[in-house]
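The transmembrane segment annotation in TrEMBL covers B:21-43, B:63-82, B:94-111, B:117-138, B:147-165, B:192-215, B:236-259, B:271-290, B:297-318, B:324-345.
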Amino acid sequence: MFEAVLLTVITAATPLLIAALGELVVERSGVLNLGVEGMMIMGAVVGFAVANQTGSGFLGVVAAVGAGMAMSALFGFLVLVLVTNQVATGLALTILGIGFSGMIGEAFIGVPGLKIPELYIPVLSDIPFIGPVFFQQDAIVYLSFALVAAVAYFLFRTRLGLVLRAVGDNHGSAHALGYSVIRIRFAAVLFGGACAGLAGAYMSLAYTPQWVENMTAGRGWIALALVVFSSWLPLRVVVGAYLFGAVSVLNLHAQAVELDIPSQLLSSLPYLATILVLVLISANRRLTLVNTPACLGKPFVPDR
Amino acid sequence: MRIELVKRKEHSQMMAMLSPLIAVALTALAAGIIFSISGHNPLVGLYKFFIEPLTQQWSFEATIDKATPLILIACGLSVCYLSNNWNIGAEGQFVIGALFGSILPVLFPSFENAATLPLMLIFGAIGGALWALVPALLKTRFNTNEILTSLMLVYVASLVLDYLVRGPWRDPDGYNFPESRIFSDAATLPEVFGGAMSLSAPITILIAIILAIVLAKTLKGFEIRVMGESPRAGSFAGFSAKGLTLFSFALAGALAGLAGTMEVSGALNQLLPSISPGYGFTAIIVAFLGRLNPIGIIIAGFVLALSYIGGEGVQSAMGVTNEIASVIQGLLLFFVLACDTLILYRIRFVSRHGSQGEASHV
């Protein structure tokens, strides 16, 4: 029983983890992209559609990543080149993504989906308990583990990561030192889009292998909250994502044991938990101010 | 080739007027391209989407019915955005307003007199304001990000509505359908102008005009604009940022709640599991397209309402999914934001090699 619960927690947490990691890099570069939900839902529908048409889950995932990147490129052009308001542009991206995904997905409603296969890692998957939970998963779950390590290493152990953080903390100085603020931010935004697209593909090809309108159901927004929760540190994103994964599968398991609680109350728990967590984290100024990128959300017009 | 922004010496008045028009034109162009890609005649599509709703009386009236909640919600949101408070949870405030407004007709159906309707509207405004005050209080008290909290409450609000309509508030004589009882006549907004539209349209226009006067002519309007542009300058003038956050959220919530009550007591006449086709989110676009100005918002609300009616039109006539409405709404917001750049900057295209030494910014 406990093993089964843990398995569902991992599948519920993985899309949150991937999307939040991408957004963490974007925000570290000083850009606030509120369009995660829109990029994610586009990843979900494009991934499903391509996998369905080609019969290849791999191509579906690649296409989903591409869709997320295309959406984020649109956002990047407006926010970085035309210096539009980041909050409003991110909202526009979400509205557009929900609309486009509905248009593309109309043909795929009720179509049985394709589930990407699980890869059992030899030897490790035989370990009792730990093996089935962590080493009998699909490739995207392993990729999410690798992504955490890669993002943490990149941000805090590489020169380019240092530059990226510098751009997010003080774009004026970074520009004066000769770094191309816009180019670095654009690259970060594209990475965030790729992650959101991948997270979306996980929703429609692994979590629930089908297409349902609005199937991301606010997970993109929860991913944004997770970045605040983690105070912009990659390892804390893991903790947050798994915590939220646990809260969101409560619904499933409460139904199984027939608790007499309205299902709507259980469904609202992830959103209420998000608010509670944001309050607890934000109330502690020390915790948030240390790592918050100082230029987060501020526009930059290069001085030529 | 590279795009460079050159700051204008002062805001371009002409561009401030033109940019919404350019944005609408570009959106129409993009919509035409989408129609052609999906295998339809773009001119027919555009006509059905943007023009046909205006040619027939019933669809013109339907457009006004859809514009009303958009305008009312956007008016409140504009006060938030002008004062730099990012309330994006109007959809939830609309839903909770509708629930509060429905307390009398659902729980006390025999309370039918002249006071029923005014009380419902007041309840609705209070409900919306209370729901909006949650993110505002969390922001002022705990420094919590109001974008995320107001949005999370949208999901919670729609689950509360779902619970009530399927559970305790379900119509006892409704054959188990998930809907509330139908409101009595005393709880229904009267129709005006010979039955063409409900009383909500004139109420909305009146509120927009009052708000326009308040913003332009009063100290409160001045305070809102100063705090939005420079909170530091505002604090020297003795304005309180926290107070304004609470005020603007409460006002936006009250207007959204009022819109919610007017929607259920006018257009729907009962509560259903879903009572809004995303009015709270579309109103964000209305607020920006209307340049955060109540009079501009009246025009913008009408334009966005067209997208709902036009979306239904192209769906029934051409078999294009009505999701195209929200695609066009999203594109419109993109173009509005992009065109606003022209107010502050001139755009210059430069080749890679030329103009390096030119320092023409201010």
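Using N, Cα and C of the backbone, Cβ positions are placed for all residues, glycine too.
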The transmembrane segment (B:21-43) vs the transmembrane segment (B:324-345): 3 or more CB pairs under 8 Å:
yes
Which one, B:63-82, B:147-165, B:236-259, B:271-290, has the most C-beta pairs under 8 Å toward the transmembrane segment (B:324-345)?
B:271-290
Stretch of maximal Cβ-Cβ contact with the transmembrane segment (B:192-215) [cut-off: under 8 Å; candidates B:63-82, B:94-111, B:147-165, B:236-259, B:271-290]:
B:63-82
Tertiary contacts of the transmembrane segment (B:271-290), as residues 6+ beyond its ends and Cβ separation under 8 Å:
20, 23-24, 69-71, 73-75, 77-78, 81, 88-95, 98-99, 102, 106, 154, 158, 161-162, 164-166, 169, 178-180, 256, 259-260, 263-264, 296-301, 303-304, 307-308, 326, 329, 332-333, 336-337
